[in-house]
């Protein structure tokens, strides 16, 4: 069967495959010389860009327009920072330190913070039409695009050259500028229809690979340069246009001059514009597969040099390069001939063949004999054959060129039908003809031996390079099959490396290696100089003396100061006899001392070898009793916060140590012996037990064995010592019976075995006596000199370091659809809902949803207007009839609601399909469900309620209470239900007096006369109001002033003339505050106090006091933003930062209107804090324990309590506003509680749970009673929740359904306000608007309550996620019950 399939396929020309192999080999062996750049300089007509740090050329008006994406442009700008654009650049702070895409058109051969001040290089540019330049550009383009650009003949080109330019550096007194200078070039060539870009990087042309950000220059951070293209923002607001990012990491930038996508190292070609539609920039693919390059638009064919660029190479020995699964497509009848839709796989083996070159051969498919590479020749551009061996190494001088033809003589010609018979191998050997090579197998794999590419060191004729095949050849002589080595490579396994490591392919597999400033085994890497933490559990089965003691999963915590070798270990809740007996066993904590010991020169601590995965076995024998105990400590990796996780098990017998005895261990030394994957140590130790005058000396012997996995693919380090000595000093072991905590402390140094004491002074970096910060690295200098440098993730001068919030500063790699979470010294990325990590562990991609019959229409439910389909996962669904229909969901029939007496007796019912309507009869008014008689003048509230109840009494099943009124129409103090027999007392408004209800048959309560409306004397405001009303005759005109008093009789701060717009502010005595009287249409902002003082105390620098009036507060990362309101419009130009809290992620926020306090939750600090809005106020933490992820927060300003949710602990708690009287309300049936809201008037608490399996909105009383589910249908991710005290509506915004909905407090009357939200997170209600934060827009969005329309939007200048939002009134809202 296989032979039949092969026979039916057309023959494959050998030439394209062999040429492809040769191009790949040449791309490894030859590097671009600086003189082989396109010609440049003043003699060629170049213009010179002005020296400086952020310069832009004057507009270059092109004589011949170019195309970029689908646009045609005639203007270009060249910028200092390695970038070209079709429009002038913004300030460099707006783009130079940010990832792609930019928001303006960009062609970036090396986007970084470049500075040419003081003669550090020059930048040249020109438009060119010379045949020499156009010919060389055409040659490169045709080589890179042999199919689509075979006839490309450019008519004009634009060149920009950055020659010997330097990176921006902070000016320091006495410091010389860096000698690292870069040279690179960009060429844009066009034939009027298509435009191609060439990026050229000569050998040794890139000496720096990134620059430090100016705005945080004290941060020890270098941002890699970015290379790529971006069209800029689309027409719609803040929408990303297409872009292509070729390099954005240090390793990928390093490899730019060593790799290529057209076969010439350092030269890169791209199709960037056309008169035909072009979805995105298309790179050349002759030099390799670039399928993993970061592109915003899927490319039509597989494209990814980014994967290759990420590999680790060095300039002198470019070894272990691996390109797997590279697809080379061929069309019938053309040089790149299609294999019936199949493709060949080209890869580099990772081992250099050591046979002489004469033995490195191609394999003839018929004879199975090799053809020496010396027998194959390659042509120059004139069709002449130049033996490969005669070329030797690349000469420093370039090939001879002239101004008419710049094409180097060593180049391989473009593939074309007429040169098919050219022999692309050295020494003139014959090349098999088209008939000599049988068709390829569908899974064929062409294997190329990898080799060091010293393009300018060793002659090729001496190198041990090979093009060959593996030993496994198909037995069918008609089929030439290649099978690659079955090894694991970085391309598919780099995710096994730490995010702070790089992956390298070796002959038999791959290995991970920690990056600079990190240490570990590559799979686990930690920052040098930073402190480290260990978390774990300890279990044990011990005999203390002869008493058995057992404990399970007690907590272990360790803290290690990496830059001086101190390790502190604490084990809690071990039973007292066992804890006392374990005091001498300092090796339990000594493990962490060895792991993170301070390293002397030429030595490495344990973590550098084992990483975070190992097993530590220890057997201890005590003397003289020979009790034996075995301790096993198993490391289980690093958690999300880079804490080492470890599990400890203790088994055996230990000597009894009486209570109150203390253990003392002298400093000691241990020898550790190292082999491939194990470390062993045997030592004896003495310890003394003391109590008062008692002092006993004992000893034990320790056998230790540490096993771990070592990467066997990398070559062994011959310099690593077989034995190292651990010096342990300052050894402490303590047990606190009250705390029930066993503690160990050791200080450790690891180094070579010491023969004799060295009298010379020891550098403080090696003995830990330096004064560097605990989060800094100590760098030894000459003698006892040293310097301090903050560890990665921290910033400062080394003596004092603070955590750098990468999430807030933007110095992180979290991609779109992800959330950055700051950690001490680091950060982590988490994908948003519905997304998962891609292979790079930074980019989040959409999770493909499973098949949903309810969405694809494959369900069997009744039509959508009659039933709804409920998806249960996979292909499972159920059907349910909609309200107004009855049936099994598959068949539904209309319900006649009118036959069920759903309407009020005084209303007429109208049945409709699936629904019905009610209309009050003449003489009544209402909604049909409640109909009231038309008002009769002169009725008291009691009489009106009485008439209403009597009208409803005829309704079947009604058991309403009919109020009893006295002869004057007032409520009788005693009310009894005519049907149930219950009796109770009421006040003058007819409201039940709590605690007075009696059951049927008992003695009715004694009810006195209803209390007067107020028991206090009238206030000044009330007396003045009453006098004026009498003066006006009881009914003032619209323009007459009547004082407005609040419920307590105080003057309302805002006073107005009747119904006019003439308003002013008053103090507490009702006196007008000067300067506050407003004009019509403008309402003054009043506060309920006297006028503020003219001289104000100076606030702390990070607190900006808010203005008076109503405003919004929102949380954004580490800051609280202030957004004033003018009516309901957002005053965006007056927005500012209220408070900055470095290192925090503030989520929940609410306001106490009585004390003018802002409260917030911090998920990074795991705290709840507050600050007064008064000037000079300082933030105060009120809850700092028992929290993991506090999110939602709600304040009850009446009861002086606060409520919050914790989405990790799955709890809802409450406390007084000072953090006291804390109490858990709910800790069951919660999965992901988030938003929380309080109704202080009615005493209700509401919260959301965005449990993906069963999202819901719940309610309870403020004491946690009467818990109930309000909403659990048709919701997805209810992130945001608010209670509107004015409309009495509970409203929420759902990031899953994209809806803003409201309901009555009992869950009825649900209605949709807006159904096209983006990704809401927090929401608040004010007046006739909702204001919500949105993660898609990274802003505050206003929605009208009545129309549901979006009315306004505020996008902060610093774009990052906004979380909670609240509104601040100048006084407390009253609401209504």
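Keep in mind that glycine also has a Cβ here, set from the backbone N, Cα and C atoms.
Per TrEMBL, signal peptide is recorded for 1-31.
TrEMBL lists 365-380 with the feature compositional bias 'Basic and acidic residues'.
Feature annotation from TrEMBL assigns domain 'Nidogen G2 beta-barrel' to 530-760.
Within its own chain, residue 976 (disulfide bond) has 964, 982, 983, 984, 1004 as residues 6 or more apart in sequence whose C-beta sits under 8 angstroms from its own. Per TrEMBL, the feature disulfide bond maps to 976-983 (among others).
Residues or ranges marked as compositional bias 'Pro residues' by TrEMBL: 1001-1016 (among others).
The disulfide bond annotation in TrEMBL covers 1056-1063 (among others). For residue 1063 (disulfide bond), the same-chain residues 6+ apart in sequence whose C-beta sits under 8 angstroms from its C-beta are 1054, 1055, 1056, 1057, 1077, 1078, 1083, 1084.
Taken from TrEMBL, the feature compositional bias 'Pro residues' applies to 1090-1101 (among others).
Confidence across the repeat 'LDL-receptor class B' (1156-1199), taken as the mean pLDDT and rounded to a whole number, stands at 90. The repeat 'LDL-receptor class B' feature in TrEMBL is assigned to 1156-1199 (among others).
Feature annotation from TrEMBL assigns repeat 'LDL-receptor class B' to 1200-1242 (among others).
Among the features that TrEMBL reports, repeat 'LDL-receptor class B' is placed at 1243-1287 (among others). Proximity of distant same-chain residues to the repeat 'LDL-receptor class B' (1243-1287), defined by a Cβ-Cβ separation under 8 Å and at least 6 residues beyond the stretch ends, is recorded for 833, 1192, 1194, 1196, 1199, 1201, 1203, 1205, 1212, 1214, 1225-1226, 1230-1237, 1293-1297, 1302-1303, 1305-1307, 1310, 1320-1325, 1330, 1332-1333, 1345, 1373-1376.
Taking all protein chains in view, 17 other C-beta atoms sit within 10 angstroms of the C-beta of residue 1056 (disulfide bond). For residue 983 (disulfide bond), the count of additional Cβ atoms within 10 Å of its Cβ stands at 19 [all protein chains shown]. Same-chain residues lying 6 or more positions outside the repeat 'LDL-receptor class B' (1156-1199) and placing a CB less than 8 Å from one of its CB atoms are 821-822, 1096-1100, 1103, 1105-1106, 1113, 1115, 1120, 1138-1139, 1141, 1143-1150, 1205-1209, 1215, 1217-1219, 1222, 1233-1238, 1240-1241, 1245, 1247-1248, 1262, 1281, 1364, 1366, 1368, 1372. Counting residue by residue with DSSP, the repeat 'LDL-receptor class B' (1156-1199) contains 0 helix, 23 strand, 21 coil. Counted with DSSP, the repeat 'LDL-receptor class B' (1200-1242) comes out as 0 helix, 23 strand, 20 coil.
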